[in-house]
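In TrEMBL this protein carries:
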- 35-58: transmembrane segment (TRANSMEM)
- 50-340: domain 'G-protein coupled receptors family 1 profile' (DOMAIN)
- 70-93: transmembrane segment (TRANSMEM)
- 113-135: transmembrane segment (TRANSMEM)
- 156-179: transmembrane segment (TRANSMEM)
- 215-235: transmembrane segment (TRANSMEM)
- 281-304: transmembrane segment (TRANSMEM)
- 324-343: transmembrane segment (TRANSMEM)
Amino acid sequence: MVHFDNITLHLNATSDAHIYYTYLRHMPEGFANIFFGYLKPVLTLFVFSINVVMIKVLSTKRMRSSANTILIAIAISDTLNMAFPVIPDMYYYAFGYYKEYIPPALCRSTYYFSSPIPAICHTVSIWLSVALAFLRYVSVRFPLVSMRLFTMKRTIIAIVTICIFSALVYCLHFVAIVFTKVTLQSLKNNNINVDACEVSFQSLLGINFQTSTGILIWSSIVLTAFLPCLFLLILDSAMLLRLRRQECIRHQLQNRHCIFYISPVPSDGTRKRTSQMRRSIKLTMVIITLIWLMEIPCSIVQVIEISLNINLLPIQIDGQLIAIWELVTDLSYSQIFLIYCFMSSRFRSALREAFRC
């Protein structure tokens, strides 16, 4: 078996020069059947239902804003990130088709749905989270500037730009693998032949497969894991420090009864909103840190394994960890989305109104 770009390739028993595409996973068969055939589809349906509710509420007239437009885009990309790979997962594992070579008519669509398209959606989600954090920081630091800067038109342009950028990051993944139709002995019945896909790897930009694969994965690590997570931590930390500084100044002025302080004493509502925003930032920073800790080590392990052609862990354990890691990461982004929404009293009020009979 060979694992590349989230797909499993079956080596010919007589020659390692011929590689054929199957949907077998590097993990125990029982675990894979339950996880990919039943558990993941149910969780995807659950996330889809939640995101539909969120989008409905955020789309109401009273909730329209630049920040909520970004939240809607995050909800859509999160849903697509989980929905696309679930289609081949259910088809092959719920119905048992993973035991046979993938038919030539399904090879390319299976690869696209299970690897590059979800990766693009994942990248869109995390960079939209960066955009939302930047918007929130500017709104706290420069409230008057943010009203002029973050118009609805500019927000939509930014969302489209992030989508295009994410697609460009993974554009080479669509052409890295070539599928050729061949006829082979069936994996399930040695007495019959079936059509299958022989897999070949293109050297990108004149670079050999191992080097080009390392470049693709490292670029993905930097552009879709390290940089966005770093930006999120910086922006959230800066905003948290800003809020603390503002509160310290307010407390000092109130305690000293400064005669030059002409601003009114903040109301209970203002203090409550400030406390809610700080709590939201802290929770978001915790989740972002967990995602960062999951993204970077797993990506580095994948680079080492492919670049050096070795397995750092037993192959079945490695496959299970990757599957669980991907699911936890997907669910983590949904949790970030829920935190952004439910920490807002306006959202909770709009949610009650949307489902009021």
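Cβ atoms are placed via backbone N, Cα and C, with glycine included.
When pLDDT is averaged over the domain 'G-protein coupled receptors family 1 profile' (50-340), the result is 79. Sequence-distant contacts of the transmembrane segment (113-135) (same chain, six or more residues past either end, CB-CB distance under 8 Å): 5-7, 66-67, 70-71, 73-74, 77-78, 80-82, 84-85, 87-89, 146, 150, 158-159, 162-163, 165-167, 169-170, 173-174, 220, 223-225, 228-229, 231-232, 235-236, 239, 284, 288, 329-330, 333, 336, 340.
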